[in-house]
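S.K.: Pulled the feature table from Swiss-Prot, pasting it below:
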ACT_SITE  Asp287  active site, proton donor
BINDING   Asn172, Glu238  Mn(2+) binding site
BINDING   Ile175, Tyr176, Arg177, Arg189, Trp190, Leu191, Arg194, Gly195  prenylated FMN binding site
Amino acid sequence: MQYRDLRDFIRGLEQRGELKRIQVPISPVLEMTEVCDRTLRAKGPALLFEKPTGFDIPVLGNLFGTPERVAMGMGAESVEELREIGKLLAFLKEPEPPKGLKDAWSKLPIFKKVVSMAPKVVKDAVCQEVVVEGDDVDLGQLPIQHCWPGDVAPLITWGLTVTRGPNKDRQNLGIYRQQVIGRNKVIMRWLSHRGGALDYREWCEKNPGQPFPVAVALGADPATILGAVTPVPDTLSEYAFAGLLRGNRTELVKCRGSNLQVPATAEIILEGVIHPGEMAPEGPYGDHTGYYNEVDSFPVFTVERITHRQKPIYHSTYTGRPPDEPAILGVALNEVFVPILQKQFPEIVDFYLPPEGCSYRMAVVTMKKQYPGHAKRVMLGVWSFLRQFMYTKFVIVTDDDINARDWNDVIWAITTRMDPKRDTVMIDNTPIDYLDFASPVSGLGSKMGLDATHKWPGETTREWGRVIVKDEAVTRRIDELWDQLGID
């Protein structure tokens, strides 16, 4: 089922028993985090806090707190269906030339559907029903969460940041946390390789000293939100991909103060600029690692205008030691990644990002090994093929008789098929997440690959052990007798 906007999604979740309205006053300061954390760990529903303490605007939390709700937001009926979305993205990322006329005709509907999902620009939008400008702008009117005791200030977490570089026709959508430092100022924490930061850098080079337009959409429809965190090919905009997920074109509206276009059905829009050179220290904040991050300097976003729907809903989350909402998103999006990787590396059978590994810092790959050194080729491919795995510190590669999602299997493979010196690959001075304080230098560290596959001639001179396999006939006979044995 597809959802036109966030409110439509809320109604759909409520009908399925997947959303709970909270009538008891709960504070955005620490209390919402506690409630959402307990609910997420219990695999509970999305939560709509209708009476946040001190505010008139309700807060939506734990929206994507289960993989099933992520799938629903992407228009799928099950997590397994996300593999089909991954296959579509794999095709669009590297489309193969048609093998003949029949093949060309079979692929034509896909391209026609993609073209037909180009965003639609509208003149009037519900996200601009109310306009607040100038001195009336006050972020303190929004129920922005203060998530952890050691956090320095309230933090905007689910904002879709919209930017456009000076040499680009296409806008970039990114989700970057934003620390509130005044009634109309937040710190835009984007890492240097992310799309928004690249757009800003190019703008400063081409338009030195000129303010850089930025917009932030809060409470967009689920397809647009999830499109911003999915590995969409560079040839496809996040808005067009959201249209594919939703089944109809994404409606956009021009900002009141710039040429940027924002989701027309969003709940709240922040419009403004970044003045080149205006920076501020950001943090510390509790993060998805389970630790408070270091303080670092990032650009300041000045909010010149807030537009919103009548009676808006504020969408929020928290990040902390897994499981948290980003970790659950990672579990679901894992299914999207698998077909994309298999398109490039057909030998890959499964790919798993354990959520306890902070969603991306460790990957387990199972493969059909075909030659000596094959596992090392795959691990290097994982690090280099998709930018989403640039910060993956550990890659474990095993044979296809191992279940990548079962640590009992994986640890058995590591301890029985690896020699630590021969089968460990270490790479120095590679890009590492800036939040990773374990690396010796901020943003630069090492990576480890573990080859836990059976070793082929050339990789070892010893006779390799044979895996114990039960006798199938005996297993069937004992299955038939089992109830008679009286063993509980």
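Heads up, residue numbers simply count up from 1 along the chain you see.
Every residue gets a Cβ built from N, Cα and C, even glycine.
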S.K.: Can you give me the Cα-Cα distance between Asp287 (active site, proton donor) and Arg177 (prenylated FMN binding site) in Å, rounded to a whole number?
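M.R.: Cα of Asp287 (active site, proton donor) to Cα of Arg177 (prenylated FMN binding site) measures 10 Å after rounding.
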S.K.: Long-range same-chain neighbours of Gly195 (prenylated FMN binding site), Cβ under 8 Å, sequence gap at least 6?
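M.R.: Expected: Thr163, Asn172, Leu173, Gly174.
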S.K.: Output, ordered by sequence, the same-chain residues six or more apart from Tyr176 (prenylated FMN binding site) with a CB under 8 Å from its CB, or 'none'.
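M.R.: Residues satisfying the criterion: Gly159, Thr161, Met188, Arg189, Trp190, Arg194, Gly196.
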S.K.: For Leu191 (prenylated FMN binding site) and Glu238 (Mn(2+) binding site), what Cα-Cα distance in Å is obtained after rounding to a whole number?
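M.R.: The Cα atom of Leu191 (prenylated FMN binding site) is 19 Å away from the Cα atom of Glu238 (Mn(2+) binding site).
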S.K.: Which Cβ among the recorded positions (Glu238, Asp287) has the fewest C-beta neighbours inside 10 Å?
M.R.: Asp287
S.K.: Tell me the Cβ contacts of Ile175 (prenylated FMN binding site) under 8 Å, same chain only and six or more apart in sequence, or just say none.
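M.R.: In sequence order, Trp158, Gly159, Leu160, Thr161, Ala228, Val229 meet the Cβ cut-off.
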S.K.: Using C-alpha atoms only, work out the spacing between Glu238 (Mn(2+) binding site) and Arg177 (prenylated FMN binding site) and round it to an integer in Å.
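M.R.: Rounded to the nearest whole number, the Cα-Cα distance is 19 Å.
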S.K.: Cβ within 8 angstroms of the Cβ centroid of Ile175, Tyr176, Arg177, Arg189, Trp190, Leu191, Arg194, Gly195: which residues besides those meet this for the prenylated FMN site?
M.R.: Thr161, Gly174, Met188, Gly196, Ala197
S.K.: Measuring CB to CB from Arg177 (prenylated FMN binding site), give everything in the same chain under 8 Å that is also at least six residues away in sequence.
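M.R.: Expected: Leu155, Ile156, Thr157, Arg189, Tyr285.
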